[in-house]
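Chemist: Sharing the record's features from Swiss-Prot:
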type     : residues : note
REGION   : 1-33     : region 'Disordered'
TRANSMEM : 78-98    : transmembrane segment
TRANSMEM : 109-129  : transmembrane segment
TRANSMEM : 139-159  : transmembrane segment
TRANSMEM : 172-192  : transmembrane segment
TRANSMEM : 199-219  : transmembrane segment
TRANSMEM : 242-262  : transmembrane segment
TRANSMEM : 268-288  : transmembrane segment
TRANSMEM : 319-339  : transmembrane segment
TRANSMEM : 351-371  : transmembrane segment
CARBOHYD : Asn399   : N-linked glycosylation site
TRANSMEM : 410-430  : transmembrane segment
TRANSMEM : 439-459  : transmembrane segment
TRANSMEM : 515-535  : transmembrane segment
Amino acid sequence: MSEQSTLAGPYTEKPGVESQNPTGDGKASFDETSPRDIHGWRWAIAYAAMLSTTFLFALDNTIVANIQPSIINDFGHLELISWIGTGFALGTMFILLWGKIYGVFNIKWVYIFNILLFEVGSAVCGAAPNIQALIIGRVIAGIGGSGMYSGTLTYVSVLSNQKEKPAYLAGSTVVWGVGSVVGPVVGGAFAASSATWRWGFYINLPIGAVFAPAYMILFPNWDPNPTLTLAEKFRLVDWINAVIFLAGSACLTVALTFGGVVYSFNSGTIIALWTVTGVLLVAFIVLLKLHPLVSKENRLYPLHFFKQMTLINMQLQVFLASGIILAMTYYVPLYFQFIKGDGALQAGVRLLPLIMFMVAFSMVNGFLMPKYGLIPIWYIVGSALTLIGSALMYTIDENTSNGNVYGYNILVGAGAGCYIVAGFAIVQSLVPTHEIANAVGAMTISQDLGMVLFLAICGSLFHNVAVDKVGKALPSASETEIGNLIAGTSSSAFQALSEADKDLVIPEIASAMKSIWAFFMAAAALSFVCSWPLFKTKLGGKKVEASVVV
């Protein structure tokens, strides 16, 4: 099979629709012919159904930010609290595999399978009898959610021409932003109500049910390889390296999450996890080069991408920006709960400045960058604002006004919004048409890795530093008691403290959070430094004629 037919996958154009970038020279050509057969109200409903999955995916990314203390109150196991968020993010590591699968199998049925998987995971979370079952449900939902997200990108790519695509993807940006904004608020509202935190997961079921007829009836059948048998299609997927990649991601996440929390950093378990991670990484790279069962064009990640420094830079930038934003959605509400005494619902509302400005500036970038270019400026200004905002967050304590915290959050949100999604457009100008699927897949996996690793690192940082500082403030408390205290203000351990002890604990928790803001500063500084080489990047002219995705 030719490279075009196997790699183009979901990005293969219909006859009469011109290639976006056949040479990879950074210049795009356009044909206003619509590549889809569905129009009018049928297309409007189908597109709305796609946006519903984007909304649910975004909602689930942030909804647990405010309900974790309630979950710990019910189940205990504080040492596993970070896995409520990390488990979902770890499940999204499947997005690299889903991108390949969408390029081989019928898009509609892969998409519907992922919707079902997401709903099953949500049901498992809502009905979970213990925290272990909840984490398993979160992983399942993450796997399905990443498949839905990849499916939306795929459908928009094959069902819209280059003139339409920015508008349709801008709609996805808005819906994703709305889902991210309301996630902590909805989660906090459920946690504070008689419905309990379980409805933070059950809510996905009725929304999915409403759009189910559209999924089944209106989603177009699109098979990128209609002449191949099922067995031939399976042979086009790099299953071995997919398993190695997922196993390595899991080992790395466990090592980062449990190190210093469940096991000491120098314990045999943590050392073994790091060793296995390293071995799997080497095996992954070797198989990218020398895989005996899969052709070069069908391997999980194109090895020659490592030689394209701008593409690697784009992956690093989305890794850093996405990690900062998602981790902020977890720790800004925690700050307001501990330091300002907010309830779960009110703390969730405090995220609005961060998320709204991030979404607004993402949309501004999506509409202006394709017209005016200035790619390095977006990255330099954006990373600088993120760095300044993170540095100012490092200065906050229990006496900082809410207005100041909002202002610092706005800087971080606006800064990240300037470039968090820009790379998705840029990479499509760096590669030939038949490799756009691979380039977008590389960006999405970098985005998800950033979210997974930042949550894991921040969870470990906060737990270790807070236990040490609070332990000094309350020398008579055991490490287990201290761990329960820092789970959140709604935890029974924190509520049981006297007002005098709370006055001792709260400043120490604010101080412990400085480790997280410092980590964000380092990440933003790296992003800023790596933005300057973009001035030397040739993208085929001042304009980037490509779509932007979230």
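Using N, Cα and C of the backbone, Cβ positions are placed for all residues, glycine too.
Help me picture where these features are in the structure shown.
Modeler: Residues 60-61, 64-65, 68, 71-72, 110, 114, 121, 131-132, 134-136, 138-147, 149-151, 237, 242, 245-246, 249-250, 253, 257-258, 261-262, 300-301, 326, 330, 441-442, 444-445, 448-449, 451-452, 455-456, 459-460, 463, 483-484, 486-487 of the same chain, all 6+ positions outside the transmembrane segment (78-98), place their C-beta atoms under 8 angstroms from a C-beta of that stretch.
Same-chain residues lying 6+ beyond the ends of the transmembrane segment (109-129) with a Cβ under 8 Å from its Cβ atoms: 53, 56-57, 60, 91, 98, 101-102, 136-148, 150-151, 154-155, 198-199, 201-202, 204-205, 208, 215-216, 219.
The list of residues near the transmembrane segment (139-159) in space but at least 6 beyond its ends in sequence, with Cβ under 8 angstroms from a Cβ of it, reads 10-12, 35-36, 38, 50-51, 53-54, 56-57, 60-61, 87-95, 98-99, 102, 107, 110-111, 113-122, 124-125, 165, 168-169, 172, 201, 204, 219-220, 222, 436, 440, 444, 448, 547, 549.
Tertiary neighbourhood of the transmembrane segment (172-192): same-chain residues 50-51, 54-67, 69-70, 152, 156, 198-200, 203, 329, 333, 343-349, 351-352, 355-356, 358-359, 362-363, 366, 421, 490, 548-550, selected by CB-CB distance under 8 Å and a gap of 6+ residues from either end.
Counting same-chain residues at least six beyond the ends of the transmembrane segment (242-262), those with a Cβ under 8 angstroms from any Cβ of the stretch are 79, 82-83, 86, 90, 93-94, 96-97, 100, 269-270, 273-274, 276-277, 280-281, 283-284, 287, 300, 449, 452-453, 456-457, 459-460, 463-464.
Here the transmembrane segment (268-288) has long-range neighbours at 238, 240-241, 244-245, 247-248, 251-252, 254-255, 258-259, 299-301, 303, meaning same-chain residues at least 6 beyond its ends whose C-beta is under 8 angstroms from one of its own.
For the transmembrane segment (319-339), same-chain residues at least 6 beyond its ends with a Cβ under 8 Å from one of its own Cβ atoms are 61-62, 65-66, 69, 85, 89, 180, 183-184, 188, 346-348, 350-351, 354-355, 358, 382-383, 386, 390, 396-398, 405, 409, 412-413, 416, 419-420, 446-451, 453-455, 458, 462, 488-490, 506, 509-510, 513, 516, 520, 523-524, 526-527.
The Cβ of Asn399 (N-linked glycosylation site) has no same-chain neighbour under 8 Å that is 6 or more residues away in sequence.
Sequence-remote contacts of a segment are chain residues at least 6 beyond its ends whose Cβ falls under 8 Å from one of its Cβ atoms, and for the transmembrane segment (515-535) they are 309-310, 313, 316-317, 320-321, 323-324, 327-328, 331, 375-376, 379-380, 382-384, 386-387, 389-391, 393-394, 396, 412, 415, 419, 454, 457-458, 461-462, 465.
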Chemist: Run the contact check on the transmembrane segment (410-430) against the transmembrane segment (199-219): 3 or more C-beta pairs under 8 Å, excluding pairs closer than 6 in sequence.
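Modeler: As far as Cβ distances go (cut-off 8 Å, pairs 6 or more apart), the transmembrane segment (410-430) and the transmembrane segment (199-219) do not touch.
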